[in-house]
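Residues annotated as domain 'ELM2' in TrEMBL: 36-121. What TrEMBL records for 122-154 is domain 'SANT'. The region 'Disordered' annotation in TrEMBL covers 1-37.
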Amino acid sequence: MVLADRNAENIRNGRRSRGPSPNGHASESSSEDEAEKIRVGRDYQAVVPEFIQVGDRRLEQCPDRALLVWSPTIDVSDIKLDEYISLAKEKYGYNGEQALGMLFWHKHDLEKAILDLANFTPFPDEWTVEDKVLFEQAFQFHGKSFHRIRQMVD
């Protein structure tokens, strides 16, 4: 009970116990205790940038912004959306993400997006399924030694 009282007092004081551990493991060294110490004061505070209201924000003020490429809308039915994606895939070689990105670019206007599909036809995937499997096997075997991988794939 004396050990438990001493540990409780050390915990209340913000210190770890230096006495024997109740679980049978030795306690950690004092250098590790210092590394895990909670630091308080001005020197340890995060610098928080000033909040900019949404209406006052400009692109150059937020250089690390992500680029939104798709956001669903209630203006386009699921059936129309599926038809559009099928057309983009079958006729122009788009994948689903590219097709949705084109539609979002045109503010969910299906007619404009369909007309623009031909202008930005993506490059076809030049790798066959066999080439992809061979590359994956070579990569697993050779790691990042791409000159050896190339010898296997060629």
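Glycine residues also receive a Cβ, built from the backbone N, Cα and C atoms like all the rest.
Any TrEMBL annotation is an automated prediction that lacks curation.
In the domain 'ELM2' (36-121), helix, strand and coil residues by DSSP number 45 helix, 0 strand, 41 coil.
The residues of the domain 'SANT' (122-154), classed with DSSP into helix (H, G, I), strand (E, B) and coil, number 22 helix, 0 strand, 11 coil. On the 0 to 100 pLDDT scale, the domain 'SANT' (122-154) averages 84 in this prediction.
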